[in-house]
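Visitor: I am attaching a structure below and will ask some questions about it afterwards.
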Amino acid sequence: MNPQAKLIFIISLFLGTTITISSNHWVMAWTGLEINTLAILPLISKSHHPRAVEAATKYFLVQATASTLVLFSSMTNAWYTGQWDITQLTHSTSSLILTAAISMKLGLAPFHFWFPEVLQGSPLTTGLLLSTVMKFPPITLLFMTSQSLNPSLLTILAILSVAMGGWMGLNQTQTRKIMAFSSIAHLGWMTIILIYYPKLTLLNFYLYAMMTAAVFLTLNSMKVLKLSTLMTAWTKAPSLSTILLLTLLSLAGLPPLTGFLPKWLIIQELTKQDMAPAAMIISLLSLLGLFFYLRLAYCATITLPPHTTNHMKQWHTNKPINPSIAVLTTLSIMLLPISPMLATLV
């Protein structure tokens, strides 16, 4: 792709995100979402592979449907209340339609089926944008309308997302699909706490985006697209493989690492809100996700391929690790000790 064209698409992407997160009017928020969608489409389909074109088409159809529902929801609310302000979503039907629309945009279950397919058809760098930057505008819309949404509906969607993200990720062999189901499960954790403690949703998103960026950049650096490639990648960059192990365990939410922080705070807040059963269900369901993170970690560092002669070993490279990977992985592993400070920020 032409570097100038790529620069224009990246700038448009961040412009669309900025417009949506800084707007108070529904039409401006919708405009930002549309700019975002149009900017990411060329980045998805840049390889001209049939799978990439299919992914771009699926993404366009789903996002166009969701944007239409966002506009329909805001117009219905304006019709009944005379308000175009995002925070004044008081009509019950409008809030239900908006919940469905944002769930579709984010890839929350049961509207999640498009996300793994789109991620599988995209390059790893575009997959990173789809999993992090593209999720930010819809999350901020949910944050701004959180007081108007239905708690029971969001709890059901959240538990369903964690369950589907865990179950459907169990038998995957493609790293991008595993990261897609991981994203669906993490969105469930963000959604369940949204109404009771909206700032905690944002903290969870920031930490999730940081850990996911670290994993995607590491996989991209090692050129790993499936588990069988990951098994032989340790010869190429042993230090990166070791760092990947720790980052994956952090994404799984194991205690000494950064990923444990949002889960701990969410479970604590849910029990304060007398939602101990929901906290217990979502915690048990996250064990499904832990299984495929452990499998990824096992393939990355702990196992050797069964028939070593059949595998082409990759040459060991002395190329230094990308500084952004170093910074992101350090943060993904070591932020838990400063959790009291992070808790005071939210």
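Backbone N, Cα and C atoms are what each Cβ position is placed from, and that goes for glycine too.
Heads up, TrEMBL stuff is auto-annotated, nobody curated it.
Pasting the feature list from TrEMBL:
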DOMAIN    23-288  domain 'NADH:quinone oxidoreductase/Mrp antiporter transmembrane'
DOMAIN    290-342  domain 'NADH dehydrogenase subunit 2 C-terminal'
TRANSMEM  5-21  transmembrane segment
TRANSMEM  56-75  transmembrane segment
TRANSMEM  95-115  transmembrane segment
TRANSMEM  152-171  transmembrane segment
TRANSMEM  178-197  transmembrane segment
TRANSMEM  203-222  transmembrane segment
TRANSMEM  243-266  transmembrane segment
TRANSMEM  278-304  transmembrane segment
TRANSMEM  325-343  transmembrane segment
Visitor: Determine whether the transmembrane segment (152-171) and the transmembrane segment (56-75) share at least three Cβ pairs under 8 Å, counting only pairs 6 or more apart in sequence.
Guide: no
Visitor: Per the 3+ Cβ pairs under 8 Å rule, pairs at least 6 apart in sequence, do the transmembrane segment (243-266) and the transmembrane segment (178-197) touch?
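Guide: Counting Cβ pairs under 8 Å, at least 3, so yes.
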Visitor: Going along the chain, which residues at least six beyond the ends of the transmembrane segment (95-115) come within the CB cut-off of under 8 Å?
Guide: 33, 58-59, 62-63, 65-67, 69-70, 72-74, 76, 89, 130, 135, 138-139, 141-142, 145, 148-150, 153-154, 157-158, 160-161, 163-165, 180, 183-184, 187-188, 191
Visitor: Mind checking which residues reach the transmembrane segment (5-21)? Cβ under 8 Å, same chain, six or more beyond either end.
Guide: 28-29, 31-40, 42-43, 129, 133, 136-137, 140-141
Visitor: Given a Cβ distance threshold of under 8 angstroms, which distant residues of the chain, six or more beyond its ends, lie next to the transmembrane segment (178-197)?
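Guide: Counting only partners 6 or more residues beyond its ends, the transmembrane segment (178-197) has Cβ contacts under 8 Å with 106-109, 112, 115-116, 119-120, 127, 131, 135, 139, 142-143, 146-147, 149, 151, 154-155, 157-166, 168-169, 172, 204-205, 208, 212, 215-216, 251, 262-263, 266, 269-270, 273, 275, 278, 282, 285-286, 288-289, 292-293, 296, 346.
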Visitor: Which sequence positions outside the transmembrane segment (278-304), separated from its termini by at least 6 residues, show Cβ-Cβ distances below 8 Å to it?
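Guide: For the transmembrane segment (278-304), the far contacts come to 155, 158-159, 162-163, 165-167, 169-170, 172, 175, 178, 181-182, 185, 188-189, 192, 227, 230-231, 233-234, 241-242, 244-245, 248-249, 251-254, 263, 266-267, 270-271.
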Visitor: Sort out the residues at least 6 away from either end of the transmembrane segment (325-343), same chain, that have Cβ-Cβ distances under 8 Å to it, and list them.
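Guide: Counting only partners 6 or more residues beyond its ends, the transmembrane segment (325-343) has Cβ contacts under 8 Å with 203, 207, 210-211, 213-214, 217-218, 221, 240, 243, 246-247, 250-251, 255-261, 264-265.
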Visitor: Return the average pLDDT for the domain 'NADH dehydrogenase subunit 2 C-terminal' (290-342) as a whole number.
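Guide: Taking every residue in the domain 'NADH dehydrogenase subunit 2 C-terminal' (290-342) and averaging pLDDT yields 78.
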